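Student: What follows is a structure written as C-alpha cells; I'll ask about it next.
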Amino acid sequence: MGWFTKKKKGETTEEELQEVQTQETVAEAEEVETEKEISEVPSETVDTEIPAEIPADEPGEAPAPQKKGFFARLKEGLTKTRNSISDSFNNLFKASELDDDFYDELEETLVMSDMGYETTERIVEDLKARVKEEHIKEAQACRDLVINIIRDQMQVDETAYDFENKKTVVLVIGVNGVGKTTSIGKLAAQYKARGKKVLMAAADTFRAAAIDQLKTWANRAGVDIIAQNEGADPSAVVYDAVAAAKSRNTDILLIDTAGRLHNKKNLMDELAKMRRIITREYPEANVESLIVLDGTTGQNALEQARQFSSVTEINGIIITKLDGTAKGGIAIAIQSELNVPVKYIGIGEQIDDLQKFDPNSYVNALFADFDMRSDVEILVDENIENIPKDDDLFDMN
Ligand SMILES: Nc1nc2c(ncn2[C@@H]2O[C@H](COP(=O)(O)OP(=O)(O)O)[C@@H](O)[C@H]2O)c(=O)[nH]1
Ligand SMILES: [Mg+2]
C-alpha cells in the first residue's frame, strides 16, 4: 500500500477545522438596530475623484510599461508550486512500468501540490481507464495525459461571469486576512476600466482601519465608496449603499464585509440580514456572493469553502496569494471538488494582480516548464490566444 492510500480522507478535517477557528479574531457584533433605525443613519459618500495623496510607489500606480503580462506573472507566482513537484513529476515518467508504484507516486506528487485526495483519486482513476483503453505501456506516454486530465477537472461554466454584465451587488465574504478588501479594490479597477459604473460599500465596520483601507482602494481604483463610522451596523451601510446604487444607476456595487466564520451564528445572521436588505430594497439587482480564500492555506481553504457553502449561498470563489504558495494545486482541488466555480485568482498585491481564472493558463503555468518538447500541446508561449495579456485586463467589452 502506498503513502497515499494509507492516509484516509477526512482524517485531517478536525485539525483543519481548528485551524480555521484560529483565524477568527473578529469580535461578534450585537444585532441591535431595527429596520427603521437603519434608514435614519446617514452614510458618508467619500469623494474619490482625486487620488492625489497616494505616493507614487504605492501599489496601484499605473503598471510600468515593461511589466510582464499576466501569464508570465502567474507562472512566476506558481514557481514555488512547480518547484515542489517538478522533480518527482519528472522522475515519475521515467518509470519502466505502469505498476502500483507508479500510480502511488503519482498520487503522492499530486497530493503534495495540495490537489487534494478526492481530486487526485479522480485523476488517477481517469488515467488508469485511459491507459487501459488506449493500451498504453510506457510511463512517458502518460505525462501529457495526466496534464490534460487535470485540465479537464477545471472547466468553468460559460455563464460564470454573466453577473458582470448585469446590475449586480457583489457580496464579498470569507475569514479574516484572506484578501477580501484587496480583491474588491482590484475588481473595482477592472470593472471601471471596462466602462462599468462601480460603487463600494464598507460593511466591515469593526475597525476604523478596515474602512480606511477600503477608502484607499477606492481612491486607487477611482470609484466612489459608501461608508459610515467604525462600529456602525453593517446592514445600515448596505441599506445606504443599495439606495445610492439605485439612484446613481450603478452597474456593480461591491460590498466589503468583516471576516466571519460559518459557525459564528451572529456573524452569519448578520450576513443573512445584509442579503435580505439587498433583495428587498433592490429586487431588480442580481446578487453575486463571492467567497475569498487564501491559497497559501491549501486544504484549509477548501474546507472553508465547503463549510461556508453549507450555510450560505456562494456563487463563486476568489483564490488569493497564489503568488506565494507551494500549494497551487489547491485551485484545481477547489474547482473539481466543490460545485462552485473559481472565478478569479490573485497573484500579488498590486491593482492588476487579479484575473479571471482560466484553467488552460493555470495548468500551463503549473506544468509548462516540465516539458521541453516543442510538439506538446501543453507547452504554450504568450502569443497563444487563450492566455490573457495585461491589455485584456482593461479591455472594454
Ligand atoms: N501576495 C499576495 N498578497 C495578497 C493577495 N491578496 C491580498 N494580499 C494581502 O493579504 C493581506 C490581507 O488582505 P486584506 O484584503 O486586508 O484581507 P481581508 O481581511 O480579507 O480584507 C494584505 O496584506 C494584502 O496585501 C495576493 O493575491 N497576493
Ligand atoms: Mg478587509
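Placement of Cβ uses the backbone N, Cα and C atoms for every residue, glycine included.
Positions annotated as region 'Disordered' by TrEMBL: 1-66. Residues or ranges marked as GTP binding site by TrEMBL: 174-181, 256-260, 320-323. The feature domain 'SRP54-type proteins GTP-binding' is assigned by TrEMBL to 341-354.
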Student: Taking DSSP as the reference, which of helix, strand or coil describes Gly174 (GTP binding site)?
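Tutor: DSSP call for Gly174 (GTP binding site): coil, neither helix nor strand.
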Student: Could you list the residues of the same chain, at least six apart in sequence, whose Cβ is under 8 A from the Cβ of Thr257 (GTP binding site)?
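Tutor: Set apart from Thr257 (GTP binding site) by at least 6 residues yet with Cβ under 8 Å, we have Leu171, Val172, Ile173, Lys180, Ala203, Asp204, Pro234, Leu271, Met274.
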Student: Sequence gap of 6 or more, C-beta under 8 Å: which same-chain residues meet both conditions with respect to Gly174 (GTP binding site)?
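Tutor: The list for Gly174 (GTP binding site) reads Lys180, Gly259, Arg260, Ile291, Val292, Leu293, Gln304, Phe308, given in order along the sequence.
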Student: Are any of the binding-site residues Gly174, Gly177, Lys180, Thr257, Arg260, Leu322 near ligand 2, with a Cβ under 6 Å from it, and if so which?
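Tutor: Checked binding-site residues vs ligand 2; flagged Lys180.
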Student: Pull the DSSP breakdown for the domain 'SRP54-type proteins GTP-binding' (341-354) and write it out as helix, strand, coil residue counts.
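Tutor: Reading the DSSP string over the domain 'SRP54-type proteins GTP-binding' (341-354) gives 0 helix, 6 strand, 8 coil.
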Student: I'd like the number of other C-beta atoms within 10 A of the C-beta of Arg260 (GTP binding site), please.
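Tutor: A count of 23.
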Student: I'd like the Cβ neighbour count for Leu322 (GTP binding site), meaning other Cβ atoms within 10 Å of its Cβ, all protein chains included.
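Tutor: A count of 26.
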Student: Can you tell me which of these binding-site residues sit near ligand 1, meaning the Cβ is under 6 Å from at least one of its atoms: Gly177, Lys180, Thr257, Arg260?
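Tutor: What lies within reach of ligand 1, judged by Cβ under 6 Å, is Gly177, Lys180.
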Student: Within 10 Å of each Cβ, count the other Cβ atoms, then let me know which of the binding-site residues Gly177, Lys180 comes out lowest.
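Tutor: Per-residue Cβ counts within 10 Å for the binding-site residues Gly177, Lys180 bottom out at Gly177.
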Student: Tell me the coarse DSSP state (helix, strand, coil) of Thr257 (GTP binding site).
Tutor: strand
Student: Averaged across the domain 'SRP54-type proteins GTP-binding' (341-354), what pLDDT does the model get? Just tell me the whole number, please.
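Tutor: The average pLDDT of the model in the domain 'SRP54-type proteins GTP-binding' (341-354) works out to 95.
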